[in-house]
Amino acid sequence: MDLLSMSSLSLPNPPLVSSWLVNLNRSHEHQILRILAQKTGLKPQEQRLFFRGKEKDNEEYLHISGVKEMSKIMLLENPEAKEQKAEEMKRLEENKEDRRMSKASEAVVLVRSEVDNLCEKATALESAVLGGTKVDEKEFLMLTELLMVQLLKLDRIEAEGEAKIQRRTEVCRIQSLVDTLDALKDGNSNPFSNRSNATSVTTQWETFESEVGSLSAAPVLMASSTQVTNDWEQFN
């Protein structure tokens, strides 16, 4: 006959409290705990056995404390062990999250490397257009499609924290490059009427300086406009 038999058992998870019927065989408590570990999933150090409201010592013979054949004992999960297990699970989750974030960052770095290469090609196209060279429109379309592929890769990356910021930075960078290519394509198809647009693309990162310059130029433009008006009045 087995050392232990269960009076009732429902174990979707290791139980906090379970009642057991003991088939006494002059056993130490720790022997029973090892068997209960197989039944419940709780390690011996995570278990506490009680008989008639008193906790049993590991080295105590059960029959000496009054446990008889088919006596009922109670198993509780050790609160300290439960807390340690919760902390361990928390550490495991944190490590898992760190690994996930690291993986996300690595994925963003790979996309960034691809975008760097595409950015060099976009710069070459820009130089050609501004230099007056006619570029095949397929070059712009193909480069735009390659950038959109990288954008889709970023969209599939699940990121949080710093990795999320890195991903957003690359998304904005790709969108800016796509806008640049659109402007260059327009300038390439009609270089005379759109040369000013192409030039503005080249200086898109100097927006602030351009705005400062425009403020100083404003009075001159107004004066010129006033002069033209006066000339027409004199003509009339």
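Backbone N, Cα and C atoms are what each Cβ position is placed from, and that goes for glycine too.
Please treat TrEMBL annotations as automatic predictions, because they have not gone through curation.
As recorded in TrEMBL:
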| type | residues | note |
| --- | --- | --- |
| DOMAIN | 121-185 | domain 'BAG' |
DSSP-assigned states of the domain 'BAG' (121-185) in counts, ordered helix, strand, coil: 54 helix, 0 strand, 11 coil
For the domain 'BAG' (121-185), mean pLDDT (0 to 100): 92
